[in-house]
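Here is the structure we will look at, set down as structure tokens.
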């Protein structure tokens, strides 16, 4: 009977009985199950968690801000990493005490900022402004010219200027650690990433000088860290204060990275593709109402498009506010832009141009300047007086319009004092006032553009000489370019500033022409002017900038440039930067192409002096392991896709999903920062790969985290220690090239692991003790 006995389960307690009422509302609380687990997930929630890479049962209800669960021990570790990074990057930063590589350019730009002289650079201003701020705070007066590599610094706070990129390079190290921790990598993995970046020779070398790449990489790292923090917040609970903080910080970081270099656009693209994926998940989720999706879309558009754009434009507003004086960059800008600069303003000038007017004539398209002549002659050809374009105001830009028409030109009835205005088809001469010679052309090839369809243009004649038919030019008004609502007469007769015209040579039919070709030293490197039989329209258009006639009364109509506002100046400068950047196609002794970068095929010689050398070369181990991780990810991802097509359920495994998302995001960052360089025709260098290298290093660490995920922590730590020791050994082997410290020829030759590594071992001593 005892064998058939079964104890009866007590009945479920009635509601409110048996346990005190809970003070908190549990989402799954019922009378039958009064104590639900806080991390309980139903079937739908488990599937959603798996799709995001969460382990089973983890609901992520109580995650810290940005998903960063940093212990007090890790805070101490981060402090140690910062100290090590500072020691590596600040060691002997005062050496060399002379100009290194592109300090020639960026140091000079700091001088221009401090002297408020306008210049044009292909890069946005933020990084240059930060370097200038350091120079200004330490008393730099802007009078050092940064002219040549190796020039000794005098009265320049170059250490303070170098500290800006160096400190930003130091700050990149903890950002790498925190980014991987926010991506749910282990502390050991994050430590490996931080140390690999700390001891990467190329990043160290680039961050120790007055260059822009270290600020660029810092803001790239800050953008990725902020974005990952936002993504973690978005998985937890959107539209909280913390959610908005991370999103706004992401937008500000993106604005900063693109304000250092346009390469920052690739960082924006990385965040942009990630955002598109987020929005796609939201819009395809039937549980998300349209109004909620619109809130998500608007928040991202505001913070990731509007904020970066406003930040970028603000940097240029500061740029324009500082550079208020005329400088070497004037010639790149339009005439209207130039007249916003101090020292380039122009008084109102007569609107009417007539026979006998004294005028200055500008070329429209190239911003090369004024039609100009001076007493110097061509060394070849006709050996007559030179005609050039000169970018600055000068009395040698002044010409007098002389009638060359056999029949007197018409007298406009409305004109005062019977002035003969210049009308289309009129035959004129241009007399150079200071030398009394006529603008002249003949069937002789120009000294530089020696082609059959180009004729030389010169100044010919003598005082009292009336000239010959080769001095005659026929004026043709370009109606399309001259239409102006402010002046409807501009298409009917020659008007100052408003009328755009061409000058056709009466005998040969060629057009007065100029292009961006400089004359040699004998022509003072001014822009060439020719007479072109096949002239491109844009390069053969001219206009009168100033006009003066003794018979015009003082109250005659006058004109002046319409000064552009900030938006017009901003857009014009973007176009100039784009054109100038695209024009940097000349080869350089140490340039390289994108196919060579992942292999670390060659570096860049920065500085050689006193038997020492600074040569930009990466840490071979870090470089090649990061490249190997890229190849490994592509191969494994391809295999997973193939297995999925054959029915395998790899993507139901939360570990696979987690690391696929993590590594896929970092691979996308690498590809977007590397791939676009393949279609660029401009001059490229190894340092253009550094932002992509940052992503490749993080990707390697993501692969490391995956491979070691099943190992015991002690074994994982031992493997990490071996990797870090090897990286430090590689760093120390090539450190003389980063710091410019003494090295022997023997050690140098032993360090030439690549046959294309062209640092010069002959510049070192046989024995450093000598």
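Residue numbering: from 1, along the chain as shown.
Even glycines carry a Cβ here, placed using N, Cα and C.
What TrEMBL says about a protein is an automatic prediction, not a curated fact.
Values in this document were obtained by computation on a predicted structure and should not be read as measured data.
Checking TrEMBL for transmembrane segment across the ranges 95-117, 118-140, 187-209, 325-347 points to 118-140.
Among the ranges 160-180, 265-285, 349-369, the one that TrEMBL lists as transmembrane segment is 160-180. Looking at 141-157, 243-259, 379-395, 396-412, the range annotated in TrEMBL as transmembrane segment turns out to be 243-259. Looking at 210-231, 430-451, 452-473, the range annotated in TrEMBL as transmembrane segment turns out to be 210-231.
Within the listed segments 715-732, 733-750, 751-768, TrEMBL records transmembrane segment for the stretch 715-732.
Only pairs six or more apart in sequence are counted, and the transmembrane segment (160-180) with the transmembrane segment (243-259) gives fewer than three Cβ pairs under 8 Å, not enough to call it a contact. Long-range contacts of the transmembrane segment (118-140) within the same chain, counting only residues at least 6 positions beyond its ends with a Cβ under 8 Å from a Cβ of the stretch, are 105-106, 109-112, 155-157, 160-161, 163-165, 210, 212, 215-216, 256, 258-262, 312, 315-316, 318-319, 322-330, 332-333, 341, 573, 576-577, 580-581, 584. Packing against the transmembrane segment (210-231) from elsewhere in the chain are residues 65-68, 100-103, 106-107, 110, 123, 126-128, 130-131, 158, 161-162, 164-166, 168-169, 171-172, 175-176, 178-179, 182-183, 203, 243, 246-247, 249-250, 253-254, 256-257, 260-261, 263-264, 267, 270-271, 274, 278, 669, 673, 687, 690-691, 694: each is 6 or more residues past its ends and has a CB under 8 Å from a CB in it. Through the fold, the transmembrane segment (621-642) approaches residues 196, 199-200, 202, 598-600, 650-651, 656, 660, 663-664, 667, 670, 693, 696-697, 699-700, 702-703, 726-727, 730 of its own chain, all at least 6 residues removed from its boundaries and within a Cβ separation under 8 Å. The stretches the transmembrane segment (662-680) and the transmembrane segment (686-708) meet in space: the count of Cβ pairs below 8 angstroms, excluding pairs fewer than 6 apart in sequence, reaches at least three.
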